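Here's what TrEMBL has on this protein:
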BINDING   198, 203, 243  Fe cation binding site
DOMAIN    18-365  domain 'Biopterin-dependent aromatic amino acid hydroxylase family profile'
């Protein structure tokens, strides 16, 4: 049975229904649009799923008119931002800095014992170069410039939560969508959604590490053109690594996940004997269920970011796609390799890299002699 279609809405439901009456279902014209240039991320500005300026009734700031207006201000910044522009600087209010201070002070006291070495190496640099301190909320523009020089990553303001597909697509371009708003001051130790504290204290230090940055980008590249089922699995891998990942350091286990590093309770809880720890295996982690409103019962532990990156690349290679993709950092484009021409171009570029390697080894050998 053949179903011609050009729309992805409800596609999985249609496939499921057809499979009840036919053994073979072929989909024609169902290619999923993927962003080809980093500027294509501008299309996602209005695709916020939740939070942003529209708060749920149980949100701490729901009845606070001043806070709601402030959230609208931050949402407008994100919606009006375009690739290539400087991220607008925000003058945070006194009560917002007070909330940041309470969180920053408590978390930084816990980092030396619980955070991984890559995090601890980056944090002092953020204090020196980006104004990280208890009495100052750093600006996304300064942090973005810092990360770009360290690992090629950059930040982009976002009004709230994006879909898994849209968020992961940003990682493919080494772009992290970050919120600028801060949680409501009435509950500084709790937030129902990612805020600037979660982004800047949990995520940013790790994106300064080249191996972690590469691992994150591999997740993003794997999502481009993938099915909804595979995107869901990749989002689960994101949860168990970038959000709640642990890694080995000798005989110790340290935290590198932002959900842990931005939570006073979870950063200590994950080191107790209560949760289960498993070796990071993408095939198994991708289908593991998890809670979102309480501490994690299961954590996955990576031997190293390089090991996690290699496993992620192997996992991604098995995702069924009729093409492959790679990121060109010079043009900031995604090259889709789906035919002979693309393969020939790739071979030529690889040959150039091999020639440079051979030339370098020859020069090193001659110098040592």
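Heads up, the Cβ atoms here are built off N, Cα and C, so glycines get one too.
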**Request:** Inside 10 Å of the Cβ of residue 198 (Fe cation binding site), count up the other Cβ atoms and send me the figure.
**Result:** 23
**Request:** Looking only at the domain 'Biopterin-dependent aromatic amino acid hydroxylase family profile' (18-365), report the model's average pLDDT.
**Result:** 89
**Complete:** Across every protein chain in view, the count of C-beta atoms other than its own within 10 A of the C-beta of residue 203 (Fe cation binding site) is 22
**Item:** 198, 203, 243 excluded, remaining Cβ within 8 Å of their centroid (Fe cation)
**Value:** 194, 199, 202, 242, 257, 258, 259, 261, 262
